[in-house]
Each structure stands twice: as structure tokens, then as C-alpha cells.
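Asks: Got a structure here, written out as C-alpha cells. Questions coming.
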Amino acid sequence: MEPVSMDKPFMYFDEIDDELEYEPESVNETPKKLPHQGQLKLLLGELFFLSKLQRHGILDGSTIVYIGSAPGTHIKYLRDHFMSMGLVIKWMLIDGRTHDPILEGLRDVILITKFVDEAYIRQLKKQLYPSRVILISDVRSKRGQKEPTTQDLLSNYSLQNIMVSVLKPAASSLKWRCPFPDQWIKDFYVPHGNEMLQPFAPSYSAEMRLLSIYSGTPIRLKCITQQDSSKYEKKMYYLNKIIRNRIIINFDYSNQEYDFFHMYHMLKTVYSNKSFTSNKSKVLHFHQSIFRFLKIPITNTEKIHHEPTQRKVPSKNTMLKSRNTKKSVRGNKQGRRT
């Protein structure tokens, strides 16, 4: 891992300031993974998104329709957090797979075991009227293989476009990963939105969340081309290969790895009904409560490889001035492209 100073993480795709040509051999690297990392990634992104809606006065009184929600373990944390803030929210969780039993028996949570298609979305629209809808989509292919094909992605994005156009949500968070240029089939459309980057995504994941707040005007779509695909691949590879393998030395926190730095800046935007002396103490509270909920061990900064062994210093009170130089130190590299 490379020790560097950074003022803030890249929160959105358009902030990534460099590119790197994709190296296929990266798929052979051993990924570094936390327990329940997928649920952690979803929880942080959705907590950030819903807190933004809370700030805009959109969340209270809404119905959150979450399509592709199973197993949804992390949703219990979100539900409990916003309930503790006094917000009235209904949750409608829809997936053809089984949900975590932790979500059963909650009077404000409806569990529906069903894979969604256009006909069902239109039926759902009638059921939801006149509710204010917040849409979260984590749809993925029903195929057996682990990685979706380009055709799977195009089908998913077509279905998400239907969700947005039919349900007319006040806001949405959609799953979004551009197909890779060497697997390109055709140009396609997605809604306009902010492309949010995700801490604790798999090591070489190019997946983002497409966040939108709608103002009642017609939904605007943008065309994605193969040229765009090349840009997405190079920028996301740079993010994963270079940026996410950094230790942020000016980040005053127990774990200075980049993903924790990214998480910190997300969690500091979250509201709480508790009083804290600083942003750091608030973030630490949420960090620890989320990790406890998901049963993830609390870790400190990973030791940098080739770090010199510390030696005893003479008892004489001497100090060396910092030479303020930056050294590139290589450490564990991560995973695979998804």
C-alpha cells in the first residue's frame, strides 16, 4: 500500500482524475476481503443516499421500494436507524430469493418473494398510489454464473428504466456498471444521475450506484456508447488499482486505509439524535455500530510491507526534522474485475 496525503476521497465517478489501461492479469491477484463485505457496501451507500434525502425533506413519510433486496440483512440497520430518528417510513422489499429472517415480523416492512418484470411493476404502481416512492434497485440476473453477461446487464438496465418511468419515484438509487468495451453489444440508455462510488466494493469492481432526485419533470436519459465504456473501464481500474491501495497518512483515524477514509466521509453526512463532540466521534460511533451489527471485526491500519523495524531511541531528548518526502511502498494488491 502506498502512503499518501489526500484532502478527500473520490465520492463520485466524475471526480476521478486519472485513467489506467486495464491489465487482465489483475484477475489472478488474491483479493482482500472483509466478512459480510457485500452487506457493508450496500449499507454504507444506502445510508449515505437516504441521509441525503432526509436532508432534502423527502424521506419522512415515504415508501421505500427495494427491488432485488434479498438477503437484505443490512436493511434492518437502516430501518432501525431512521426509526430512532423519528422518521415514518414504509419498506417494501421485493426479491425472488429469500430474505433474512431478521426482517420478518416488522410492522413497517413488507416482504414480497417475487422476481420483478414489467407487468408486476405496473401492478405495483396501482398498489402504491398515492404514496411518495423512493426506489432502490439491486437487480441482478437470475442466471447461474457468478458474473453477469453484457446481455444480462442490458436487460437489467432496461428493467430499471421501466421501474423509474412507471413508478415515478421522488428519488432513486440504481445499480450501475457499464459493460466492458471488449464485451460490447450495443449503445443503451440509463437515467441521468450522480454516479456514486462505493467503499468496500470487491477489489476490481467497476460497479457504482446511480443516484437521482426527481423534480416532477420527465425522466432524462443519457446514451452510453462503446467510447464511454472505455472511459469507465480505465477510470475505475485506476481507482481500484492505485487509489484504493493507498494509506492516507493525514487521516487521523484508527484505520487509515483508503476505503475507511471513503467510509468516514460518507458517515460524517449521517444525522444522529445523539450528541457528539466532533465529526470523528460521530463517525466512530456509526463505524463501530455498523461493524458490530454485521459481525465484522474492527481493524487498524494494515501494516505497510517493508516498513522499517522501529528501534529504541537514545534517552537524550533529540528530534529529527521531517524531510517531508513521499515514498512509494508496495503492499497487498487486490482482486478481480466485476
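Cβ coordinates are placed from backbone N, Cα and C, and glycine is handled just like the others.
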Asks: Pick from Val116, Val164, Val166: which one does Swiss-Prot list with Gln39, Tyr66, Gly68, Gly72, Asp95, Arg97, Asp138 for the same S-adenosyl-L-methionine site?
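Replies: Record check against Swiss-Prot: S-adenosyl-L-methionine site with Gln39, Tyr66, Gly68, Gly72, Asp95, Arg97, Asp138, extra candidate from Val116, Val164, Val166 is Val116.
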Asks: Could you look at Tyr12, Tyr22 and say which one Swiss-Prot places alongside Arg177, Cys178, Pro179, Phe180, Asp182, Ser205, Ala206, Glu207, Glu233 in the mRNA site?
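Replies: Site partner of Arg177, Cys178, Pro179, Phe180, Asp182, Ser205, Ala206, Glu207, Glu233 for mRNA, according to Swiss-Prot: Tyr22.
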Asks: Quick one: mean pLDDT on the region 'Binding to NPH-I' (169-249)?
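Replies: Taking every residue of the region 'Binding to NPH-I' (169-249) together, the mean pLDDT is 97.
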Asks: Find, for the listed binding-site residues Val116, Cys178, the residue with the lowest Cβ contact count at a 10 Å cut-off, counting only other Cβ atoms.
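Replies: Each of the binding-site residues Val116, Cys178 was scored; lowest Cβ tally within 10 Å is Val116.
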Asks: Within 10 Å of Asp138 (S-adenosyl-L-methionine binding site), Cα to Cα, which of the recorded positions Tyr22, Lys175, Phe180, Ser205, Glu207 are there?
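Replies: Correct set: Lys175.
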Asks: Tell me the residue counts in helix, strand and coil for the region 'Binding to NPH-I' (169-249), as DSSP assigns them.
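Replies: Summed over the region 'Binding to NPH-I' (169-249), the classes give 22 helix, 27 strand, 32 coil.
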Asks: Report the largest Cα to Cα distance, in Å and rounded to a whole number, among the residues Tyr22, Arg177, Cys178, Pro179, Phe180, Asp182, Ser205, Ala206, Glu207, Glu233 that the record lists as binding mRNA.
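Replies: Largest pairwise Cα separation, rounded: 17 Å.
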